[in-house]
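Swiss-Prot annotations:
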type     : residues : note
TOPO_DOM : 1-24     : topological domain 'Periplasmic'
TRANSMEM : 25-45    : transmembrane segment
TOPO_DOM : 46-64    : topological domain 'Cytoplasmic'
TRANSMEM : 65-85    : transmembrane segment
TOPO_DOM : 86-102   : topological domain 'Periplasmic'
TRANSMEM : 103-123  : transmembrane segment
TOPO_DOM : 124-135  : topological domain 'Cytoplasmic'
TRANSMEM : 136-156  : transmembrane segment
TOPO_DOM : 157-175  : topological domain 'Periplasmic'
TRANSMEM : 176-196  : transmembrane segment
TOPO_DOM : 197-214  : topological domain 'Cytoplasmic'
TRANSMEM : 215-235  : transmembrane segment
TOPO_DOM : 236-239  : topological domain 'Periplasmic'
TRANSMEM : 240-260  : transmembrane segment
TOPO_DOM : 261-287  : topological domain 'Cytoplasmic'
TRANSMEM : 288-308  : transmembrane segment
TOPO_DOM : 309-312  : topological domain 'Periplasmic'
TRANSMEM : 313-333  : transmembrane segment
TRANSMEM : 337-357  : transmembrane segment
TOPO_DOM : 358-365  : topological domain 'Periplasmic'
TRANSMEM : 366-386  : transmembrane segment
TOPO_DOM : 387-393  : topological domain 'Cytoplasmic'
């Protein structure tokens, strides 16, 4: 079924000010922002302010990093109208391989990273080859991968935990940026963002297209600067910006660019929106799907490196049901399981919501079974709201 042309989540305030501007703001983004604010206020109140302490915010963002990186890869798979149930087991396997290379084989860190990333690409491409060229449903292919990858992990580790990782390996998931470095990177990123925003506005004006009012652009940029610099300042009050958070930010920006500014990204949306129309328009569907799964494998490899580094070990149970968290993050972020609709920014925001709930309920000592029930209910509510919104529109 053909779908409307999707676009990456925009946090922009529309051209007109006040309430009329809010009307054209993407409803899903507005709901997610409201949900994040509500979650933060609730847990801040129930924990007497400890939830927004510098230490806990740092831990929260580190929790978000792994699921967020998985969601960056998963969102493209789902947009292409496919699914990947193997990412949890694949992450455990790749993290286990990294730990074996580091602990048992004593390889230097650069070689360990390269081998892990290449293996992630190959495993993702393996899934993609079966889906794209052998026409096996992705649900079956990745379900088989989930079982096989877990079995391989248990086999190569002999069912034991591979530890401890080296100090160099631990830097990936446990290190923090110096305070000055965090502010410099944040300032450079904001400068690039401001320049990109004004460049886009001037190009639209030159083409005679409607462009946002200058006051709206300045307001959006000021709000972004306050949020970014405020977050860096808060994180520096503890130990600094965690390295996994920096990696997630870079992958988020790269994913957003690929989704909105490249022909490859547009092909992914076209395939998910209407497969036959995409094929008739000249898109190489098989090659595109293969590339999507390979990219997903690369994201899983990065997440696996961070996980093993953060744990200081490779565990046979690592990554268990992580694929469900990644899928839930994408769905909560507005990605349609039917394909053709979704955004990288929304998926990462969904991952942040999931991590916020985990973190807050853990601080409140909520029993584990209730945590699963709450997350399941929120996932169901998010899908229902998305379906209800589409029916009304």
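Positions of Cβ are set from backbone N, Cα and C atoms, glycine also.
The structure displayed is predicted, hence computed values, not measured ones.
Same-chain neighbours of the topological domain 'Cytoplasmic' (124-135): 82, 84, 86, 90, 141-142, 145, 285-287, 289-298, 300, counting only residues six or more beyond its ends whose CB sits under 8 Å from a CB of the stretch. Between the transmembrane segment (313-333) and the stretches 65-85, 103-123, 136-156, 176-196, 215-235, Cβ pairs under 8 Å are most numerous for 65-85. Counted over residue pairs separated by six or more positions, the transmembrane segment (337-357) shares at least 3 Cβ pairs under 8 angstroms with the transmembrane segment (65-85), which defines the two as touching. Within its own chain, the transmembrane segment (103-123) has Cβ neighbours under 8 Å at 90, 93-94, 97, 145, 149, 162-166, 168-169, 294, 297-302, 304-305, 314, counting only residues six or more beyond its boundaries. The recorded stretches the transmembrane segment (240-260) and the transmembrane segment (25-45) do not share 3+ CB pairs below 8 A when only pairs 6 or more apart in sequence are counted, and are therefore not in contact.
Residue counts for the topological domain 'Periplasmic' (236-239) under DSSP, helix first, then strand, then coil, are 1 helix, 0 strand, 3 coil.
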